[in-house]
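Scroll down for the structure; my scribbles are underneath it.
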Amino acid sequence: RMFHDDELEESEKFYVGQPRVLLLIYALYNTLVARSEMVCYFVIILNHMISASMITLVLPILIFLWAMLSVPRPSKRFWMTAIVYTEVAIVIKYFFQFGFFPWNKHVDYTKDKPYHPPNIIGIEKKEGYVHYDLVQLLALFFHRSILKCHGLWDEDEKGDSSSNKEDTDDELSLTGGRRGSSASLKSVNLAASVESIHVHFPEQQTAIRRKSSSSISQISHRSSFSSHRSKRGKCHGVSGIGRTNLCVIKSHCGLCCFRTLQVYMPIRQFFYNLIHPDYSAVTDVYVLMFLADTVDFIIIVFGFWAFGKHSAAADITSSLSEDQVPEAFLVMVLIQFGTMVVDRALYLKKTVMGKVIFQVILVFGIHFWMFFILPGVTERKFSQNTVAQLWYFVKCVYFGLSAYQIRCGYPTRVLGNFLTKSYNYVNLFLFQGFRLVPFLTELRAVMDWVWTDTTLSLSSWICVEDIYAHIFILKCWRESEKRYPQPRGQKKKKVVKYGMGGMIIVLLICIVWFPLLFMSLIKSVAGITNKPLDVSITITLGGYQPIFTMSAQQNQLKSLDPSEFSDFMRSYRGNTAALQFLEGYAREDITRADLEGNSNSLWTISPPSRNKMIQGLRDLNADFTLVISWTIQRTLEEVYPYYIKAPSDSVAKPIKQLLKGMSPDHGKQSMWENITVSLVKNASEEWWVLNQLGKRHKTPHESLELFIFSDKVSPPSLGFLAGYGIMGLYASVVLVIGKFVREFFSGISHSIMFEELPNVDRILKLCTDIFLVRETGELELEEDLYAKLIFLYRSPETMIKWTREKT
């Protein structure tokens with residue numbers, strides 16, 4: 001116990017004995033300290049999401065293109081830039097809050113306009129204009145204090161001086177090769193101050209770096225002074241004012257070039273060191289980047305209306321059901337999918353330079369589109385678009401992962417699918433789910449073949465991928481059998497039989513009876529009452545002008561009260577067919593329509609047609625047609641349908657179960673109602689009057705009474721399924737699923753040779769060897785191993801030898 005310390009031991013015991021809540025607070029604080037730079041990034045991005053202005057746009061771009069790309073960590077210059085910039089932004093926002101500025105006089109009118117200049121710049125007057133900026137400044141100072149506590153705040157300056165000394169010795173000893181060709185880049189350090197940068201021009205083959213910034217500054221001033229003197233000496237040939245102007249022009253041009261190079265060369269050196277690092281901690285975060293892109297893709301699909309002009313659209317299913325593809329949805333999906341394809345190509349080609357270029361283009365493009373184009377398209381500010389804010393935040397996570405991938409470098413070898421790294425149930429089911437996604441497996445295989453160096457043809461490539469996927473699935477099953485062995489001669493446990501078998505039985509039964517159960521419950525349990533808004537009756541004699549038209553609306557459409565509904569149900573007590581029909585309807589589904597007996601339109605008919613109609617009515621032996629929204633023959637007796645069923649579609653039909661009843665005098669007879677029709681005339685006009693004789697609610701004036709039974713309709717969210725109907729669901733769901741289930745239960749005998757493999761390790765190793773030699777560039781060996789794999793699957797005897805259990 002050489003390093004034993006009683007005080008440290010007592011301190012450790014004291015902290016261990018603290019309450020768990022306090023220990024949790026300590027752990028959270030330590031996590032906050034360990035990731036204080038991530039807290040700063042999060043607060044800066046959050047501030048920009050809420051403010052969405054040009055003032056807050058600068059720091060997020062610097063995060064993704066400078067801070068997160070810095071190795072090993074962001075420099076002191078970046079943090080000082082962020083702190084100073086935040087302070088200046090706070091002062092600017094405070095200055096423009098005064099009311100004497102013209103745009104601050106109509107704040108309520110302009111606060112929601114996305115293209116109002118103060119809103120774009122970020123100098124609009126509003127409550128709480130500086131809250132998030134102050135939180136951002138507090139987070140930056142917190143991170144600065146953490147760096148100072150650990151001695152990392154001034155580490156950049158010390159590192160620069162030591163590296164300068166080493167580089168000076170190396171550059172003095174080496175005058176050619178790679179260091180000589182890149183000396184002009186190596187001589188510039190991004191962390192150095194702008195005034196102390198010594199610029200080397202391309203014609204110089206060697207570079208001498210000074211050891212201190214003061215000496216560099218003096219030499220720079222002397223060199224610039226001597227250059228001016230030499231330029232003045234060269235101007236002796238020109239006399240007078242012309243000589244003076246020429247020297248001034250040359251000195252200004254040289255100063256402009258010098259200042260431009262002072263800005264350009266550090267940026268160039270930064271990206272050069274990023275693309276050509278001396279040391280590379282290779283990592284692979286492509287899976288996380290793909291996951292972030294997938295989440296953004298899902299956000300676009302379910303929130304596409306947030307990226308279009310009209311945000312009142314219901315959802316994507318309703319738009320697609322009307323054969324309409326919203327332009328905003330199409331553009332966003334294509335852009336998102338295109339970036340995923342490009343990212344996959346860069347990952348397969350392992351080109352860091354391409355990834356850097358793609359990162360720069362994507363960062364500027366996404367920010368320009370989200371904060372300058374999208375507000376104009378949606379006609380609302382970005383800060384008021386919650387879906388767009390969520391999409392941008394996930395995209396920021398993607399930018400951070402991309403920056404980490406660039407900083408560490410791509411992996412040298414890409415072997416297989418990321419889901420095939422382990423052989424357990426989780427990887428097995430995730431991999432099989434991945435293969436079930438339509439066209440995803442095929443698209444991935446073709447992209448890998450296009451952007452990977454190989455000698456195999458596309459069909460051979462797909463063959464290897466299919467064999468590898470099949471062998472991986474078998475390997476997972478074999479590993480599960482090893483983890484949960486089944487002794488010989490022992491019957492299967494009931495837990496396994498009833499767990500797996502019972503679940504499959506229940507699943508198959510649910511699939512078979514799903515349409516009937518769904519259509520039965522969708523309207524009875526989750527159905528919505530769909531009462532009529534208008535009931536119209538039109539009666540036409542023969543083919544002449546309608547004699548009666550009337551509509552019932554609003555107050556004329558009444559619901560039955562409980563006592564009326566009870567009397568109504570009691571009147572059909574002995575009618576089995578009617579009671580069976582009425583079981584599907586509640587009191588709120590029935591509507592009584594009271595229609596006036598007087599037609600609401602005058603009867604306009606020509607005298608010849610009138611005389612012809614009179615002749616037809618007087619001929620009792622001839623057939624005469626009466627149309628009451630449907631065709632009825634002969635007479636006006638038993639023609640009025642007292643009960644109408646209004647289904648979810650547009651066809652209303654009379655309810656035959658309620659229009660037939662038992663009469664003590666005539667037995668089973670029709671209960672269609674009789675109506676009287678009379679023509680009323682005055683001096684110059686005439687119209688028809690209809691009256692229903694057998695009404696439940698007697699009224700003194702002529703009128704018609706009608707009962708409407710309204711079918712419940714499915715909720716809008718389930719309308720796309722209910723619209724298929726029972727037969728449609730059976731044809732589109734049950735039969736399709738049944739086909740896949742039948743393929744699983746039939747044809748097993750034909751695949752025994754390739755399914756029942758006791759040990760697949762050698763085949764799996766052969767597949768991984770193909771991937772490995774392909775990545776190392778041994779393309780001839782790739783062809784040989786592929787030929788060996790094909791021969792193995794063509795030879796059953798060899799396959800048996802290769803897949804025997806190890807003894």
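Along the chain as shown, residues are numbered 1 onward.
Each Cβ is built from the backbone N, Cα and C atoms, and glycine gets one as well.
Outside the transmembrane segment (14-32) by six or more residues, the chain places 39 with a CB less than 8 A from a CB of the stretch. According to TrEMBL, the feature transmembrane segment maps to 14-32 (among others).
Annotation comment: TrEMBL describes 34-154 as domain 'Piezo transmembrane helical unit'.
The annotation transmembrane segment is assigned in TrEMBL to 39-66 (among others).
Proximity of distant same-chain residues to the transmembrane segment (78-96), defined by a Cβ-Cβ separation under 8 Å and at least 6 residues beyond the stretch ends, is recorded for 40, 44, 55-56, 58-59, 62, 66-67, 70, 104, 118, 122-125, 129-130, 133-134, 136-137, 140-141, 143-144, 147. As annotated by TrEMBL, transmembrane segment applies to 78-96 (among others).
According to TrEMBL, the region 'Disordered' annotation covers 155-182.
Annotation comment: TrEMBL describes 283-520 as domain 'Piezo THU9 and anchor'. Taken as a whole, the domain 'Piezo THU9 and anchor' (283-520) shows an average pLDDT of 84 in this prediction.
Taken from TrEMBL, the feature transmembrane segment applies to 285-308 (among others).
With a cut-off of 8 Å between Cβ atoms, the residues of this chain six or more beyond the transmembrane segment (328-347) that come close are 286, 289-290, 293, 296-297, 300-301, 304-305, 307-309, 316, 319, 354-355, 358, 362, 377, 410, 414, 444, 447, 450-451. Residues or ranges marked as transmembrane segment in TrEMBL: 328-347 (among others).
The transmembrane segment annotation in TrEMBL covers 356-378 (among others).
Marked as transmembrane segment by TrEMBL: 390-410 (among others). Residues of the same chain lying 6 or more positions beyond the ends of the transmembrane segment (390-410) and with a Cβ under 8 Å from any Cβ of it are 41, 45, 49, 60, 64, 68-71, 274, 277, 280-286, 288-289, 292-293, 295-296, 299-300, 303, 347, 350-352, 355-356, 359, 362-363, 366, 370, 382.
According to TrEMBL, the transmembrane segment annotation covers 422-438 (among others).
Residues or ranges marked as transmembrane segment by TrEMBL: 458-477 (among others). For the transmembrane segment (458-477), the residues of the chain that approach it from at least six positions outside its boundaries are 416-417, 420, 423-425, 427-428, 431-432, 435, 441, 445-446, 448-449, 754-755, 757, 760-761, 763-764, 767, 770, 786, 789-790, 793, judged by C-beta separation under 8 angstroms.
Residues or ranges marked as transmembrane segment by TrEMBL: 498-522 (among others).
For 635-805, the entry in TrEMBL reads domain 'Piezo non-specific cation channel cap'.
The transmembrane segment feature in TrEMBL is assigned to 718-741 (among others).
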Top Cβ-contact partner of the transmembrane segment (39-66) among 285-308, 356-378, 422-438 (pairs under 8 Å): 356-378
Residue counts (helix, strand, coil, in that order) that DSSP gives for the domain 'Piezo transmembrane helical unit' (34-154): 82 helix, 0 strand, 39 coil
Surrounding residues of the transmembrane segment (422-438) on its own chain - C-beta under 8 Å, 6+ positions past either end: 469, 472-473, 475-477, 479-480
